[in-house]
Amino acid sequence: MESELKDLNSKQLKSTASSDDGGSAKDDRPLLKPDAAENIQELEKKFAPYVRNDVYGTMGRGELPLAEKFLIGIAMVTLLPIRVVLAMTVLVIYYLICRVCTLFSAPNRGEDEQEDYAHMGGWRRSVIVVSGRFLSRVMLSVLGFYWITETFRILDVQEKSENEAKNQSKDEDEAKDQDEESGRPGAIISNHVSYLDILYHMSSSFPSFVAKRSVAKLPLVGLISKCLGCVYVQRESKSSDFKGVSGVVTERVREAHRDKSAPMMMLFPEGTTTNGDYLLPFKTGAFLARAPVLPVILRYPYQRFSPAWDSISGARHVFFLLCQFVNHIEVTSLPVYHPSQQEKDDPKLYAENVRRLMASEVWISSCTKAELLTSN
């Protein structure tokens, strides 16, 4: 430590000495470097996934038009209080359902102090799942998502024929392995645009998520997260605990792939939210299990306020979202992605290939929309 301080002091002395020597001469050097424009362009590209392009401006603090202020004023008096009451009612109802279904039953306790009710079977689990999916859809309707456009991509005829030809050329052992891997995916892989993603996936497939350990202690939401089977991680610390949680996620993905009754994992490999126009590099945690995954792409088309939770505070985002009369979700489900042997051996390659597949789908859909707009 002392040597570092000495080096730092010596550098500071040299810099001050050089400035003293040339102190009499006028310093005409520009404040910005000649390549400052290039640096600004690089910064714009780097932070482009987090830039808000809606009417509300950067961080939701832009100057609003008079018409927009008028609409917000009306929504504050009429729509906002109604939605708050309805949303809290739905949350309390589902909490009570989870409380009744988990009475006299201990949570499943796993590694690293993980606990969940997702492995609970029988009628209790069925009630939790069915009511959870229904009430999640009700909650989305309360928030203004009255219609959800869902598109399911299927394999092309050419791709099917190629896969069939490959399967016929394999021997019996490889065919058995292929049959075992043709089951349901171990995890759902989705881009992350907003906390609203969780509500949609709950209404669609009711999977388990990765959440902060503090979520388990929150009122109402804590019990619901345990019924979802969330895997808790202490994100505030960089201890060996993170490695343990990664192992739990891997085991859960493998379990979901092998056992149809096990809760499926829902993972956001980007690790953070964006504005929905970009896909960040994927982390490899979702692909360490070497199990098939189901890629899902979420979009939130908007005209005024973007539901993306990128560079805006949570309270401001909830306020503007509740004041918007109608919100939209577009969902694209791609075919189940079965990794090759090379991808199984290299999780980074596996993650990058899935990301490229999803990015190509986003690019194709954006080009299609652009063509429709230009034609109109």
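Cβ atoms here come from the backbone N, Cα and C positions, even for glycine.
What TrEMBL records for 1-33 (among others) is region 'Disordered'.
According to TrEMBL, the compositional bias 'Basic and acidic residues' annotation covers 23-33.
Marked as transmembrane segment by TrEMBL: 70-97.
Here TrEMBL flags 163-186 (among others) as region 'Disordered'.
If you look up TrEMBL, you'll see 171-180 marked as compositional bias 'Acidic residues'.
Across the domain 'Phospholipid/glycerol acyltransferase' (186-301), the model assigns an average pLDDT of 88. The annotation domain 'Phospholipid/glycerol acyltransferase' is assigned in TrEMBL to 186-301.
Non-local neighbours of the transmembrane segment (70-97) in the same chain are 64, 127-128, 131-132, 135, 138-139, 142-144, 220-221, 223-224, 304, 319-320, 322-325; each lies 6+ residues outside the stretch with a CB under 8 Å from one of its CB atoms. Counting residues of the domain 'Phospholipid/glycerol acyltransferase' (186-301) by DSSP class, helix then strand then coil, yields 44 helix, 21 strand, 51 coil.
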